[in-house]
């Protein structure tokens, strides 16, 4: 294959840093010792047939995220269904109903159970089918695989085997964990994006072994064979130990040769690799856990309620069986007319114990209506409908990507309303991975007039808040005017948007910088931007402009900015970079060559990057950019001329949420450079464990006596609405933790951008402190970390300022120790006391462990949100997992419970849908238990009234229809349509969310209250009916009512009472609820009428009962009215007194809206909105509150000074 054009572009190994330099195989580097447990994997390269039999047969590349398969669906799903207490009880009841002891027809017990369980299993099947189809899509992706004939043909991912040679092309994802053999570049270099693994968008450089570089075309693979001996599958993303046996030599392998599944090939036309790990053996899948079957807290509490009712059921059944035994022993001899012709043990007075035991089974079945069999299926239906509302909410539809919100499981809808802590990924979740060059400081002058997103949003919020507080006098400019000024600032001049460049300032554009003072410094600033990097230019033939593939988006934005300023980096060779420089107003450019002598790369430890170049005049320059704290401490005495104003500008940029770097340079003479370069070359070609440390020490020798030129300010573009969303969630009382694989500096900058951090907030950084030159032992490190945590806890507790806010920042290495058993709860205690928590450089496994710690340590509901494969473990570990369905992969979405297109939609998902779903489900369940207790206990009272005979007062069909038809639809409507307040009010009053977080509507106080209401209703329904009807003339002819007439009258009262009760419960009526509530009552009368018209062989004692017996009797209608009113009167009185004496927040809002006070009295409405904010220390609101306190402090100080001055002025005549 022709490779000349690609080879001529770059020989990267000559210009890359010591981190990219590769010792030759003959330089004596020893292979890794591969032996012992954990190092048993053997891979035969290009010989996949060797892996078809054990022990070399490894897992296939098929990946599954489903909970069930064809074999396990029925047993596993049935287990899940009968794991529920109520379903298990009704399974036992259905089995017992087959025997003659049952007081009901067997189908009246079996049919509802089959319907309920079948519907739930169908829902589970449909949801798992959705996961299966997404798996099919991923597994059906194709990649080129080498065949024995030397050709590469496309094959599905799932059919790839260990040992296969695959070819991955540019912008393709790696289908498995591969060993890089060669790339389209002759140096075997390729760029990889690992955002799906560690969240970082910075491109990583991978490089093959020198010995495999010749494998560069199809023919070269015909006879290629080799053996890889390496570590077993493990979750560590950043380590790999192995050896390659090739051409009778052994070559050591390290992570720089490994291409991980779900990472993406960038800036490289193609690579060849051999498959080492497949499917669930890959590191990304090792970092994920099996998709768990999650249950909400409310559902778990519901089980305890059912256990309580089961205890009540067993108690009254024992009372009933004891009563029956008593009646059998002492009264059965007198009741000769009840004895059967053939004696039975059941009625034998000489054996009452046996009679009582047998009757116990009858009683357990008879009183089973205390347990609501339709509760689970009704909740399933309601949750599915709630989920459909989430899916169809246009306010959570992203028009740009065309992606709506999606509830991938409906089991956790109500959990959305009870979240305490949100654990969020950063890259791709909070940010859009887009850096814009926005401002800069050069030679002590700040340039760039556009405002950052943070400044604009904060100014708008401050304008609103200051207006509400009435803080600004009419003589000064209004906050709204100030906000308008900032908005105008942010959109000065309409121009074609340029990716990576949001700068606007006429002083530097179009060559105007030549008129500025300090032109030499400005020229140096631009040259540092254009030269100090490792990027590769690519010409866009359509636009004629260059784009840049860089290791970091910051670097790409610097080059774009330099290009817009007139310094276009357009070419790189193995030893030089070329820049077109515009040095005049005419627009003409000069091509200049800068020879790259050395490049000292950026690392998280160094926090800086330098390049040593020789310009065309022969001058040697060290150009350096890095963190301001690092650069400032390396400045020469004469290099601090601009230190003061630059520091001031950096603070301003930081307050604006911008990422900053300081730029500096140093001139080197030939002699000094030559001496240093000899040492540097010696260090970078050395082989040993201390190589990196040696290189750092030698780099420090040259990176000193720097001269400060200026600083850059780059905006890490947040996703649209992120700061506002975080602010609203904070007002709702939610805590937010950020878990990211990024560097600490990057994470801190994002924290400022989205107002998780702010100026004045005290930062607690927990890090591992190593001794110079030597690593500490594990115990010393643990003691050090524990000491840091203990001191931080004391500092937080001793803080007396109520407005003080703390932010905890910890890196992944330190977190490894902090999550160990002896320390994790101290760490958690510190973290929960901090306003915000940021964990940096964390692995996917650590994300999951932190989530587990918060979930189990606090006992509160956690929500994890992320967009990449590196977030899967965290998403699955949390009580609720939310996936961002971005452009990079679907792993997070596939593992999630809910998916949204943008982070900002989380606000509506929680504050609106979460609040509604929690309240709906809570009220629905409480009502369900109320109506079943009210109904079920009447059976017990009738039993006691009739000598515990085991006879039901209600017809079998009444019992069958009560839960399934006559009372199910109104309660489903309650669970689907109920709204205490509208969605707009939920967003305006975010503190309403605290009702769910505090579980106000499903605590035991409220549950027992509803159960007590059910007991009261049952007493009224039975005894008031008996009092009205018993021994009274029921018909005109003077006849009394029989059992069926009494039972039908009582059942009518129950239908009326429970439906009127639900009508009083509803806050938001729709026509559907009216139809279902009053229609259920009408349906009852229709059923009784039609059922009574059937032949007596079918209707039995119900024959024409409504038409001929009940309807003509006035006492029937009087009893219905009196019983219904008496039943609901206490609840009506309760809700009335509560609204008058102890109203809840939503009661006040409902009243304000009903009387339209929000329109007539805006000041009261604003005051109520302000009160409805949860006191928070993060977000725009906290930032604005801090600003208001600052303004008040300044005003009070000014008034105090004026008062003192006035006092001195009045006293001065006396002193004369």
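Backbone N, Cα and C atoms are what each Cβ position is placed from, and that goes for glycine too.
Database features, via Swiss-Prot:
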type: TOPO_DOM; residues: 1-74; note: topological domain 'Cytoplasmic'
type: TRANSMEM; residues: 75-96; note: transmembrane segment
type: TOPO_DOM; residues: 97-100; note: topological domain 'Extracellular'
type: TRANSMEM; residues: 101-123; note: transmembrane segment
type: TOPO_DOM; residues: 124-305; note: topological domain 'Cytoplasmic'
type: TRANSMEM; residues: 306-327; note: transmembrane segment
type: TOPO_DOM; residues: 328-359; note: topological domain 'Extracellular'
type: TRANSMEM; residues: 360-377; note: transmembrane segment
type: TOPO_DOM; residues: 378-922; note: topological domain 'Cytoplasmic'
type: CROSSLNK; residues: 605; note: ubiquitin cross-link
type: BINDING; residues: 867, 871; note: Mg(2+) binding site
type: TRANSMEM; residues: 923-942; note: transmembrane segment
type: TOPO_DOM; residues: 943-956; note: topological domain 'Extracellular'
type: TRANSMEM; residues: 957-976; note: transmembrane segment
type: TOPO_DOM; residues: 977-1006; note: topological domain 'Cytoplasmic'
type: TRANSMEM; residues: 1007-1029; note: transmembrane segment
type: TOPO_DOM; residues: 1030-1042; note: topological domain 'Extracellular'
type: TRANSMEM; residues: 1043-1065; note: transmembrane segment
type: TOPO_DOM; residues: 1066-1071; note: topological domain 'Cytoplasmic'
type: TRANSMEM; residues: 1072-1092; note: transmembrane segment
type: TOPO_DOM; residues: 1093-1109; note: topological domain 'Extracellular'
type: TRANSMEM; residues: 1110-1134; note: transmembrane segment
type: TOPO_DOM; residues: 1135-1216; note: topological domain 'Cytoplasmic'
type: REGION; residues: 1195-1216; note: region 'Disordered'
type: COMPBIAS; residues: 1198-1216; note: compositional bias 'Polar residues'
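Mapped onto this structure are the features recorded in Swiss-Prot.
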residue: 605; record: ubiquitin cross-link; CB count, 10 Å: 8
residue: 867; record: Mg(2+) binding site; CB count, 10 Å: 31
residue: 871; record: Mg(2+) binding site; CB count, 10 Å: 36
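Secondary structure from DSSP puts residue 871 (Mg(2+) binding site) in a helix. Sequence-remote contacts of a segment are chain residues at least 6 beyond its ends whose Cβ falls under 8 Å from one of its Cβ atoms, and for the topological domain 'Extracellular' (943-956) they are 103-105, 108, 320-321, 323-324, 327, 331, 359, 362-363, 366, 1026, 1043-1044, 1046-1048, 1050-1051, 1100-1102. Ranked by the number of CB pairs under 8 Å to the transmembrane segment (306-327), the listed stretches 75-96, 957-976, 1043-1065 are led by 75-96.
Residue 871 (Mg(2+) binding site) sits 25 Å from residue 605 (ubiquitin cross-link), taking the CA atoms of both as reference points. Taking residue pairs at least 6 apart in sequence, the transmembrane segment (75-96) and the transmembrane segment (957-976) share fewer than three C-beta contacts under 8 angstroms. Remote same-chain partners of the transmembrane segment (75-96), defined as residues 6 or more beyond its termini with a Cβ less than 8 Å from a stretch Cβ, comprise 67-68, 102, 106, 109-110, 112-113, 116-117, 120-121, 124-125, 293, 303, 306-307, 310, 361, 364-365, 368, 371-373, 375-376. Outside the topological domain 'Extracellular' (1093-1109) by six or more residues, the chain places 955, 1034-1035, 1042, 1044-1045, 1048, 1085 with a CB less than 8 A from a CB of the stretch. A straight line from the CA of the residue listed as 'ubiquitin cross-link' to the CA of residue 867 (Mg(2+) binding site) spans 28 Å. Counting same-chain residues at least six beyond the ends of the topological domain 'Extracellular' (97-100), those with a Cβ under 8 angstroms from any Cβ of the stretch are 106, 108-110, 365.
In this structure, the residue listed as 'ubiquitin cross-link' belongs to neither helix nor strand by DSSP; it is coil. According to DSSP, the secondary structure content of the topological domain 'Cytoplasmic' (1066-1071) in residues is 1 helix, 0 strand, 5 coil. Counting residues of the topological domain 'Extracellular' (1093-1109) by DSSP class, helix then strand then coil, yields 12 helix, 0 strand, 5 coil.
Each residue of the topological domain 'Cytoplasmic' (977-1006) gets a DSSP state, and the totals for helix, strand and coil are 18 helix, 0 strand, 12 coil. The average pLDDT computed for the topological domain 'Cytoplasmic' (378-922) is 83.
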